[in-house]
Structures are given as structure tokens and as C-alpha cells.
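J.: Pulled from TrEMBL, these are the listed features:
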type    : residues                                                                       : note
DOMAIN  : 1-127                                                                          : domain 'Photolyase/cryptochrome alpha/beta'
BINDING : Tyr223, Thr235, Ala236, Lys237, Ile238, Ser239, Phe274, Asp375, Ala376, Asp377 : FAD binding site
SITE    : Trp309                                                                         : site 'Electron transfer via tryptophanyl radical'
SITE    : Trp362                                                                         : site 'Electron transfer via tryptophanyl radical'
SITE    : Trp385                                                                         : site 'Electron transfer via tryptophanyl radical'
Amino acid sequence: MNNLIWFRNDLRIQNNITLKKAIDCSSNLEAVYIIPKDTDWYIGEAAQWYLHKSLIALEKDLLEIGITLNFYREDTAEFFKKKIDQDKIERIFCTESNNPIQLKIDQEVNKRLPKNCQLSYIGRDTIISPEQIKTNDGGYYKVYTPFWNKFEQFVGQEILESQQCNIPLKKYFNSGEKNTNVLDLKLLPEKDWYKKFDKYWQPGERNSLDNVDKFIQTNLFKYKDHRDFMSDDATAKISAAINFGEISTAALYQRLTQELYSAHESCELSIHTFIKQMAWREFAKYTLFHNSDTYFKSAYSYCDSDVLWNGDDILFELWKTSKTGIPIIDSAMQQLREEGWMHNRSRMIVASFLTKNLGIHWLKGATWFWDSLVDADLALNSMGWQWVAGTAPYSAQFSRIFNPTIQTQKYDKKGDYINKYLPKKNILTTPIVSISDSAHAAKLRYKKIISMK
């Protein structure tokens, strides 16, 4: 059979059950990666750099087992229609995604697929399907804690093992003709601002699996106590690898549960804390599936009112360029520009400052993060911003405001984080707003919007 495997957010060989099924069912197998012509919210700019590097690594790994990977930037449904006719393709294998952008593309592909070809979803890019976890009355969970309670009970060894497999690194095929180059995807911006990312990230499955090993050996057991300290290198930094599927979340989750069972009692809480972070990722995907427009609209529609926000472009520009005069904010934004990544505690602080103190709509911040983060994920990005902004059922209350001064005293007491990213000569001495006055004004705006519901 002449078949295709359509890689999406599953850029790995090991524990890729879609690839395993495609190999088992094919006499000739070619791999493709496609960037659609309409790329709004498909992938952010910094993440494109990471994807470019990850695809180079995947191409090399696939060649070792005799599979050619070709790259295309065109209308996805039209591409498959031509490819099926040209190469007599009988089956297209792919990993299921719950991303609303990808779902629209898949619907169009299915609509235009000839009857003699089948689109087969084998694996998925989450541990669970969003339709598997339901409330007692058949609805979906809107708050994390009850979701987590059900998720923890639901996810057992059978579910985890069903998404894992071993693919021996041996040659399977003389695959399709190699007639494209990863550069055809045009992922790298014309200006080479991304080149500094090479100092911080080594994309690809093998490097990412090494990073998992290092994290488990060195930081997992102290994760709970150290994860919020911004200058500590205590987090896993595998979010981009998970986002692009260089790591199987099911395999990682199972490994962590095994670590939990065998760990010393003093380490159990740290492992459990990290496992719950993985479940938060599942909750974000689950929530976006059930509310597919919340990556660009507030879950509470009344929170998009102009009463709550101002459109001050000058303040927004100062926030983006580390010129707020508040050291913890400016150093965090500098980290983002330098590394294409930001510590999670820092993300919450800068998001709170933008939405609450400056009164700027969360979507502007989310859009900036989308193009600036190598690990930008549609579900996690929008959920993180709405959680901080207080615009969704799962959010912190709007009245909860992260005070930058207090956050600095708690999580960067010695100033190591600020000193690393913000040299003293670049520290502005006058904040662009009063932290206390702007926080008070934010609470008044929220009271006003609530009264107008």
C-alpha cells in the first residue's frame, strides 16, 4: 500500500503509535509536514525557529529507518487532493489534535478527500481525549481541581501504555522521492533575531529526552520547593519539546508515576506537583476544545468591555521593551527577548501587571507572547493569560493582583534574576505607574463591569 504519515505535533520516532501503525500497514511510506497558507494562530514566530530545528532533527532520524520526510507550504486540503491522485495514496496516518485551528484544517481535508483514500487518526497529542472526562451530569469541567480529581482517577496504566510503543532503529522502506527542503517552509524570519536562541535550546527528540533524564536526576525531587524561584534553574524547560511532540506526554506521565511509587517519602510531594502541572496542560487543551473561541475572546464575554481595558499603545510598548521602571517586570521581559522563554512565575507577574496595573486587554499580551515564546501553545497561552486576567471560570479573581514588589521579595530576594537580565545601568528609576494606585483603579473597573452585567 502507498501511504503517507502526516506529522503535526508529534515530531518523534519513539512512542509514536501513529508512526508504528503507518509502518505496519504500508509497503511504501512517505512522511510529510505541511504549513498551511493561512497561518494566523497556527504557530508563533519564535516557535517557528524551534519547529525549523526540530524538523531537521526528525528528518535525520526518519532517514535512519528509511522514511523520507518532505515539506510543503500550501493549502493542506488541496495538497492532499493532488498528492493522492499523483501517487495513488490509499491511507493518510496522523496524530489527533484538539487544537481548533488544526480541527478546521482536518475538516476541510476530510471534506475533499477522495473515497479511495482514508484519513486515519491513530494517536493523540494529549493523554486523554477531551470527551473522555465528564461531570456527573455529562457536562465538562470548568475549574481545574475537580477536573484533576477525575483525571487522576481516570488515567491508569492501560491508557498510558496504549499510547506507547518501541520502534527499533532499523531500515523499513525505500521511501518516496526527496524533492523538498525544510527551508521551503519559510519558517525563519528575514531578520535573524532568532540566532541567539541557539545558546539556550537544542530542539529534537534525542536532545529533549536527554533533558528529561537530566531533570529527573537533578531537579524533580526538589521541584515543589524551588520551582517558583526565578533565578533557580529548577524547572524542566521541556515545554517546547512537549508542545511539538518530541516527547510523548503519556510516556512521561507514566515514568513520573513510577518515580512517585518508588520515591522516598520526602520527594513524593515534588513529583506529585510536577504531575499536576502536566494535568494542567491537559486541562488547558480540554478547556479550549470545549470553548474553541477562547484563544481570542474572554470566556466571560462581559470582560471584553472597553470599561475594563484601555488601548494605550505607549504603555504596551514600554511593557514589551523593558521600560516600565519596575525591575522584576523589565528583567522578565528581557529574558523573553533574549531566550524566547520566560520563567512561569515571571509570566504571571508580567501578565498581572499588564492587565491589572496598566489595564491593557489580556489578548494583546497573549498575542505578544504567542510570537515571542519558543514554547507558545494556543491552549496554554490563552488559559494562562485568562487565568491571570480573571476573565474565565477557572481564573484567579480579578481582584487578585500580583504585587511586583512583594513577588520580588518572595521569589528573587537576592536580586539574582534581576541582575542577570537587567544590568544596573538599564534600570529605570521612575515606574510608569504607581503600583498601589493602579491596582486600586483596576478593582474599581472590575466592580463597575460586574454592576453592568
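Every residue gets a Cβ built from N, Cα and C, even glycine.
Relative to the rest of the structure, where do these features sit?
T.: When the domain 'Photolyase/cryptochrome alpha/beta' (1-127) is classified with DSSP, helix, strand and coil residues number 53 helix, 32 strand, 42 coil.
Long-range Cβ contacts of Phe274 (FAD binding site) within its own chain (separation 6+, distance under 8 Å): Leu220, Tyr223, Ala236, Leu256. Taken residue by residue with DSSP, Phe274 (FAD binding site) is part of a helix.
Secondary structure from DSSP puts Trp309 (site 'Electron transfer via tryptophanyl radical') in coil. Take the CB of Trp309 (site 'Electron transfer via tryptophanyl radical') and look out to 10 A: across all protein chains shown you find 20 other CB atoms.
Sequence-distant contacts of Trp362 (site 'Electron transfer via tryptophanyl radical'), defined as residues of its own chain at least six apart whose C-beta falls under 8 angstroms from its C-beta, comprise Ser298, Ala351, Leu354, Thr355, Trp385, Gln386, Val388, Ala389, Thr391.
Counting every protein chain shown, the Cβ of Trp385 (site 'Electron transfer via tryptophanyl radical') has 28 other Cβ atoms within 10 Å. Annotation note: Trp385 (site 'Electron transfer via tryptophanyl radical') sits in a helical segment as assigned by DSSP.
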J.: Between the Cα atoms of Ile238 (FAD binding site) and Trp309 (site 'Electron transfer via tryptophanyl radical'), find the distance and write it as a whole number of Å.
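T.: Computed Cα spacing between Ile238 (FAD binding site) and Trp309 (site 'Electron transfer via tryptophanyl radical') is 34 Å.
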J.: In sequence order, which residues at least six apart in the same chain have a CB under 8 Å from the CB of Ala376 (FAD binding site)?
T.: Ile43, Gly44, Ala46, Ala47, Asn243, Phe369, Trp370
J.: Max Cα distance spanning Tyr223, Thr235, Ala236, Lys237, Ile238, Ser239, Phe274, Asp375, Ala376, Asp377 (FAD binders), Å?
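T.: Answer in Å: the longest Cα-Cα distance is 23.
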